[in-house]
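These notes concern the structure reproduced below.
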Amino acid sequence: MNYIPTQTFYGRRWRPRPAYRPWRVPMQPAPPMVIPELQTPIVQAQQMQQLISAVSALTTKQNGKAPKKPKKKPQKAKAKKNEQQKKNENKKPPPKQKNPAKKKKPGKRERMCMKIENDCIFEVKLDGKVTGYACLVGDKVMKPAHVKGVIDNPDLAKLTYKKSSKYDLECAQIPVHMKSDASKYTHEKPEGHYNWHHGAVQYSGGRFTIPTGAGKPGDSGRPIFDNKGRVVAIVLGGANEGARTALSVVTWTKDMVTRYTPEGTEEWSAALMMCVLANVTFPCSEPACAPCCYEKQPEQTLRMLEDNVDRPGYYDLLEATMTCNNSARHRRSVTKHFNVYKATKPYLAYCADCGDGQFCYSPVAIEKIRDEASDGMIKIQVAAQIGINKGGTHEHNKIRYIAGHDMKEANRDSLQVHTSGVCAIRGTMGHFIVAYCPPGDELKVQFQDAESHTQACKVQYKHAPAPVGREKFTVRPHFGIEVPCTTYQLTTAPTEEEIDMHTPPDIPDITLLSQQSGNVKITAGGKTIRYNCTCGSGNVGTTSSDKTINSCKIAQCHAAVTNHDKWQYTSSFVPRADQLSRKGKVHVPFPLTNSTCRVPVARAPGVTYGKRELTVKLHPDHPTLLTYRSLGADPRPYEEWIDRYVERTIPVTEDGIEYRWGNNPPVRLWAQLTTEGKPHGWPHEIILYYYGLYPAATIAAVSAAGLAVVLSLLASCYMFATARRKCLTPYALTPGAVVPVTLGVLCCAPRAHAASFAESMAYLWDENQTLFWLELATPLAAIIILVCCLKNLLCCCKPLSFLVLVSLGTPVVKSYEHTATIPNVVGFPYKAHIERNGFSPMTLQLEVLGTSLEPTLNLEYITCEYKTVVPSPYIKCCGTSECRSMERPDYQCQVYTGVYPFMWGGAYCFCDTENTQLSEAYVDRSDVCKHDHAAAYKAHTAAMKATIRISYGNLNQTTTAFVNGEHTVTVGGSRFTFGPISTAWTPFDNKIVVYKNDVYNQDFPPYGSGQPGRFGDIQSRTVESKDLYANTALKLSRPSSGTVHVPYTQTPSGFKYWIKERGTSLNDKAPFGCVIKTNPVRAENCAVGNIPVSMDIPDTAFTRVIDAPAVTNLECQVAVCTHSSDFGGIATLTFKTDKPGKCAVHSHSNVATIQEAAVDIKTDGKITLHFSTASASPAFKVSVCSAKTTCMAACEPPKDHIVPYGASHNNQVFPDMSGTAMTWVQRVAGGLGGLTLAAVAVLILVTCVTMRR
């Protein structure tokens, strides 16, 4: 069956009741009775007219205003009525109480829901008891499947229901005649407050929550309404989370039914709980009358409670027997939570230090100290009972305690708790105290008793609360932020925590015996005394009156007070009455709950930005944590607690860093390529510029260039010298040879062996003018040839610029391209230019807005702090006892012989043979485990999900898709498939530990192999499962002589040790800038790898050429350019167009990234673009519609060393060369190359000439 109701059948909605009117509506007089046979048509018409007038008048008066009150007559009538009432009161007083408790009126939300619920919900009953509700929603009737019983409606009860275990619902079609009673439903659930039977329901973060106590078993099936009266969810149960309860609900989305079940949910079906008495079962809330009330039969009532202690309805039975099912008692809500304490009593217990360094049996002995609350509050359990007077009733300012065998009371104002100083007591109830204490190594509790004596007990206890947040403060701040924490909730209402109670032992008291003339007198004093005398025979028994044992001595008798009509706490310092584990249970007040704590925010540090580093000046008011990490592949995490003024220098790279100071939010910064010098200046400025960016590469390049220049000059000089020598050698060896004038000039030959230039040229002019002109043109021709060679060389070298080589290797999306690879970097835009015949080019932009890498987890176990349960020891007087087997974690049991325990009244045993003590202990989960535990997981393949913004044409839409190469999403008619990602990387190891909101890569022991004092010393599948494993090296020790106690040794909690030594979490050291989050465990925004994209874009997404503007004469002029800065370049494009419109803009090289994807074309023919580049001399091709041009710029370095955003361009892999630097290199290389080529040419020519001779 479809569990989504329809909205088709609505004849009416709920009709509000008529408004309440304090006045009485006058009734019309009844018409006289007329016999039908005697009525004439005229009379009938008159009667019909009267009837219509009466109905109209009645309707008008009901909807009209209140009638005016008469002035005299009603007052007299009222006065007479008051007088009559006074007379009646004097005669017979009313049985009502003087101050009856007013019934709480329902609020506006409750009234609204009650009106709607009158029609659409029906009770579900089992054996006459309401167990839940069924709701009419749309065209269906829905009932929770776990609610047992039959709907209290004959038409609905006989329907055939289809059950769904997935949704915990039973569903059937509504009968036709009831469809008008059904409620509408809606899947729209904006965050805010909704209504249900018990008031407001808060909806936030996909969860419905209510104040704890507003819902209870029996509310299953109740609907939750919005303000329009539409059903948004059906309640199934709830999970107690402290101050609030999370509801388990069935609700609807647009297309399907969903069920939300928070952890720890309990079904709210009011199932009938049964208890047993003498093999006869009865409802726990209605105990049998023999016994049924503690005040009438206390001892029998306690035995009945002990027989039912493990039954689910135990607390219903406890409440019923304490209140005796008297409804008048329930109205006293202030004392309701203290009713159970009348069945208990305080006790005296052994205390090793009673404040003066000596042991005693103290009425305020300290049993336990709990410090699980992260806000520093502690909970102390003592032997006295607070908030109860000696009569057993609630009295807030009293403390009742045991003094001997008597119950006494003292003022609560004298109660004090000390560590290194006085503690602030925040709450008290029964055996428990909650207080804020300063750090210390001991704890003492004391009070002034009724005789003004100080009763105290001191124990060794190290109180050093861990800081909440990242600052170790001592005083709650006026201003700060709220962070999650745990605290003890100051409520005395019943909780899920409980303590065991048992029947107290017989208390020996030698003062009950007195010697009188050879006889022993037992003075009962109104108590029941159990006595045992060895003189004579038959001197064993109990008595409630004074008794004399003849011919006996005190040393031969043993007397003890016995009282089994009250419970006392199962203390390890007090023996239990019998070996059987008979016990009762009572709730523990002040439960641990999740809360928020206000923590201070450290003063903002003074920050000085430097070149690729920042200096923070820190002024802590208290120890404050400083952490930082790199956002690259190597995070290099660092943390330090700082308690005084310091300065710290943090290195910053282009990959970015993240630092956090105290409770301030984390700050992310990135370095820019700032430097001194200019990339477009003189050679020394260019060298200084590159030295600031790439010092090692610059030194190597300048050294190599200098060496090349020196070598070139030396080689040229050597070649010229060699050529000169070869030219002059023949003339030097020939006697009388004359060196020609030209050769002499070129080779610097001595003038003595050659004619002058004028004489040589005059001779050639006279003898041969042709040779004259050739001789004159030879040097000129050589110069012209050399210049042409250098020019061609420079033209060939210019295209080999490094910048051009980089740009040539950049992939560009061509026409009909339907695949792409985008970088997995949040905020880094990827753009592709798509050209199709007959269509205007279109720019496709893909930008990753967020990624989530979620591993598949398998929960191995949870671990937390343990508590050691030590039941009261059983002492067998004059005999032996044996250990019993128990299925308890780390259960230990030992029997010690030869013990002679003493209590405050004397020896506990009186016999000639040895006594034995049975000591037991075992381990259980601490009560804090529900709030403070670590979960050990095995992590498997991680699934990546990305949120990507897709822009093309007029479409700009965000979509979420799995990056696996299979998941396809449709955006604006186009289909996109992302993945799989190029790098199969995850920050999570195979084994991880999740603790609160932190994740740790840790190799933990498998289930069942925990070691004492290590992580995993106790293990269980959940915080409530019965499969608890423990290995804590628990060992029992022999009790000290004369003392009742259960000593033991045990390894400290491995979980608490792990908390102190767990190190840095993955949240603070994950590489690639990953942000680790929990619920579910995931890594967000990890900048690693690339995402392949396959797309199918339909033709409808393109613009036809005839519809797009025709752009011609496109030219680009760069006005401002700052490289390595986020869109620090501004380019102005001028063009001509035939009409206005919209054109796609795209850069065809990854040298520059253009911010705009499309621009509006206007008739003025001018647009401005912003671009980002890492090159000092970028040259990139830009297209606007179908027109293209090349933009060339001379960029300057950025001025800001550190910026709070990452770069939006591709970084250069190798050092980039500016155009000016290339020009200087070309000039120097050209000059040196020309000189070297000239030397080579001269040497070759001379060599060739000399070889021909």
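The backbone N, Cα and C atoms fix where each Cβ goes, and this holds for glycine too.
Look at Swiss-Prot and you will find 66-79, 93-108 tagged as compositional bias 'Basic residues'. Swiss-Prot lists 80-92 with the feature compositional bias 'Basic and acidic residues'. Residues annotated as disulfide bond in Swiss-Prot: Cys289-Cys293, Cys292-Cys324, Cys351-Cys457, Cys423-Cys437, Cys485-Cys597, Cys533-Cys557, Cys535-Cys552, Cys864-Cys929, Cys877-Cys909, Cys878-Cys911, Cys883-Cys893, Cys1121-Cys1195 (among others). Residues or ranges marked as domain 'Peptidase S3' by Swiss-Prot: 120-268. Annotated region 'Host transcription inhibition' per Swiss-Prot: 43-77, in sequence order. Taken from Swiss-Prot, the feature region 'Disordered' applies to 58-110. Annotated region 'Ribosome-binding' per Swiss-Prot: 106-120, in sequence order, evidence recorded as similarity to another entry. Residues or ranges marked as region 'Interaction with spike glycoprotein E2' by Swiss-Prot on the basis of similarity to another entry: 162-167. Under the heading region 'Dimerization of the capsid protein', Swiss-Prot lists 190-200, 226-230, citing similarity to another entry as support. Residues or ranges marked as region 'Interaction with host Mxra8 receptor' by Swiss-Prot on the basis of similarity to another entry: 358-361, 516-519, 548-554. Taken from Swiss-Prot, the feature region 'Interaction with the capsid protein' applies to 722-726. For 727-747, the entry in Swiss-Prot reads region 'Transient transmembrane before p62-6K protein processing', with the evidence type sequence analysis. According to Swiss-Prot, the region 'E1 fusion peptide loop' annotation covers 899-916. The annotation motif 'Nuclear localization signal' is assigned in Swiss-Prot to 70-106. The annotation topological domain 'Cytoplasmic' is assigned in Swiss-Prot to 716-754, 1249-1253 on the grounds of sequence analysis. What Swiss-Prot lists as transmembrane segment is 695-715, 770-790, 793-813, 1228-1248, and the listing cites sequence analysis.
Counting same-chain residues at least six beyond the ends of the region 'Interaction with host Mxra8 receptor' (516-519), those with a Cβ under 8 angstroms from any Cβ of the stretch are 548-552. In the three-state DSSP classification, Cys929 (disulfide bond) falls within a helix. Here the disulfide-bonded residues are Cys457, Cys552, Cys877, Cys893, Cys929, and the one ringed by the most other CB atoms within 10 angstroms is Cys457. Checking each of the disulfide-bonded residues Cys293, Cys878, Cys929 against Cys533 (disulfide bond) by C-alpha distance, the shortest gap belongs to Cys878. If you take the CA of Cys293 (disulfide bond) and look 10 A around it, the disulfide-bonded residues you hit from Cys324, Cys557, Cys878, Cys883, Cys1195 are Cys324. When the Cα of Cys929 (disulfide bond) is compared against those of the disulfide-bonded residues Cys423, Cys552, Cys557, Cys883, Cys1121, the shortest separation belongs to Cys423. For the region 'Interaction with host Mxra8 receptor' (358-361), the residues of the chain that approach it from at least six positions outside its boundaries are 348-352, 903-904, judged by C-beta separation under 8 angstroms. By the criterion of other Cβ atoms within 10 Å of the residue's own Cβ, the least surrounded of the disulfide-bonded residues Cys289, Cys557, Cys1121 is Cys289. Distance between Cα atoms for Cys437 (disulfide bond) and Cys457 (disulfide bond): 16 Å, as a whole number. Closest to Cys864 (disulfide bond) by Cα-Cα distance, out of the disulfide-bonded residues Cys289, Cys423, Cys535, Cys877, is Cys423.
Note on the region 'E1 fusion peptide loop' (899-916): DSSP counts are 0 helix, 5 strand, 13 coil.
Using CA atoms as reference points, the disulfide-bonded residues Cys597, Cys911, Cys1121 were checked against Cys423 (disulfide bond), and the closest is Cys597. The Cβ of Cys485 (disulfide bond) has Ala373, Ser374, Asp375, Val468, Asn594, Ser595, Thr596, Cys597 as same-chain neighbours under 8 Å, each 6 or more residues away in sequence.
Of the listed disulfide-bonded residues, namely Cys423, Cys909, the sparsest Cβ surroundings within 10 Å are found at Cys909.
If you take every residue in the region 'Dimerization of the capsid protein' (226-230) and average the pLDDT, you get 86.
When the disulfide-bonded residues Cys289, Cys535, Cys878, Cys893 are screened for a Cα within 10 A of the Cα of Cys909 (disulfide bond), the ones that qualify are Cys878. When the disulfide-bonded residues Cys292, Cys324, Cys552, Cys877, Cys1195 are ranked by how far their Cα is from the Cα of Cys457 (disulfide bond), Cys877 comes first.
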